[in-house]
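Accompanying notes for the structure given below.
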């Protein structure tokens with residue numbers, strides 16, 4: 001079976017001329033000679049990106065998904081190919097509703113007719129991973145509620161694991177034979193895709209993501225997120241509140257209904273940056289199919305978010321990297337941008353900041369030939385990643401996911417309002433987050449969180465200092481290889497951060513003690 005699947009992939013590659021695209025970059029002369037022979041008489045009118053998209057579509061939904069993930073890696077692909085892959089549509093015929101009902105009944109342990117009224121056998125939506133049916137809950141505390149029932153496709157795991165095994169084999173060969181193999185890191189891309197697919201196969205995980213997003217926006221008049229009905233959620237079935245809205249792509253319908261379109265565009269950007277900088281938890285699949293707008297008088301003009309299979313998470317370190325990079329970029333302070341990359345610890349310690357600064361200036365300066373409102377933050381981030389790749393920077397998957405989502409949000413906002421000023425909308429969020437981190441309130445909050453750990457580690461400070469100095473001395477004496485030195489330097493940088501924190505804590509404790517004693521002296525007339 002696996003061999004037959006491999007043959008299909010092989011003949012698809014030949015049919016669409018992908019062998020010409022890939023093997024022309026192979027180092028082996030014999031392979032290049034074979035390529036010349038096999039391409040005699042073949043001519044392709046369509047550009048490479050179109051041929052790659054058509055080939056992935058012909059190979060089925062798993063490869064379509066792979067192409068969609070690949071399209072987000074604009075730090076690796078040529079822009080024309082990435083743009084073409086972004087057109088891939090995850091639309092497949094629905095599976096038999098009788099099979100869907102059998103899965104629901106097995107997962108929930110009861111006949112569908114006892115759980116739901118008016119279960120619609122024709123699915124309202126169908127994709128490669130699951131399909132959705134509308135129904136009304138019949139029992140329990142939510143009886144009478146209209147719901148959407150998402151059902152995982154049957155027997156998906158064996159198919160996915162088989163195709164992933166083939167993709168892993170192809171990635172290994174590509175890395176060995178292809179001149180661009182090491183730069184494009186095919187095994188890394190396939191591993192990322194593996195995680196992405198298996199995350200989507202767990203509907204309990206998706207329900208948890210949706211529940212978290214709903215909780216984050218509770219009390220904010222910005223975004224509606226469906227309630228998850230946990231008693232009816234399993235790994236194969238997800239039952240959530242049915243949301244009624246107009247797809248965001250139907251702009252004319254929204255305008256006729258009286259929705260303020262420019263305001264809608266601004267609020268979309270506000271929702272995104274609230275998720276990124278306030279919560280560090282963002283919906284990472286914000287294409288038009290997953291976004292609607294409510295026309296219900298109680299929630300008129302509010303966004304509705306659907307499908308929570310892909311979620312991104314950012315640490316405070318990630319948020320600081322983003323905020324400082326964007327602020328430095330718009331000040332055209334390229335030295336600061338380069339320094340931030342080095343300080344992140346993701347850049348080899350041997351990198352010269354001046355070289356990185358020069359490369360960043362070369363890709364960023366042309367952006368300022370246009371109005372600030374026309375600058376794409378997603379494109380800026382993408383160009384920074386592409387430049388960083390040349391310096392062997394460790395690309396962070398969470399930031400790549402953010403960059404892809406940012407491009408979607410920008411495209412959505414500008415399709416609603418071509419005059420949308422993304423920087424003007426985003427800047428207050430960046431500055432507010434920076435002020436909260438640097439200001440007294442932010443310092444106090446971090447102190448409350450870190451103080452217990454620091455109090456345990458502070459007595460170890462002399463030993464840590466001795467350990468750092470000994471590491472550097474040993475490295476110089478033993479003449480160890482560059483990679484080991486790089487790892488030691490990275491570890492040293494992390495240790496230095498800890499030492500700085502400990503010293504700050506020690507100073508804070510000392511100053512606090514002095515002030516407390518001074519206050520007692522003033523209050524009680526002496527020590």
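Cβ atoms are placed via backbone N, Cα and C, with glycine included.
Swiss-Prot lists transmembrane segment at one of the ranges 481-501, 502-522, namely 502-522.
Among 87, 106, 150, only 150 appears in Swiss-Prot as part of the ATP site alongside 124, 125, 126, 127, 128, 129, 130, 131, 132.
Counting other Cβ atoms within 10 Å of each Cβ, the lowest count among the binding-site residues 124, 130, 132 belongs to 124. Figure note: comparing Cβ neighbours within 10 Å for the binding-site residues 126, 128, the maximum is reached by 128. Cα-Cα distance from residue 124 (ATP binding site) to residue 285 (active site, proton acceptor): 19 Å (rounded to the nearest whole number). Cα-Cα distance from residue 285 (active site, proton acceptor) to residue 128 (ATP binding site): 15 Å (rounded to the nearest whole number). Residues listed for ATP, 124, 125, 126, 127, 128, 129, 130, 131, 132, 150, cover a largest CA to CA span of 14 Å.
DSSP assigns residue 124 (ATP binding site) to coil in the three-state reduction, outside any helix or strand. Within 10 Å of the Cβ of residue 285 (active site, proton acceptor) there are 21 other Cβ atoms, across all protein chains.
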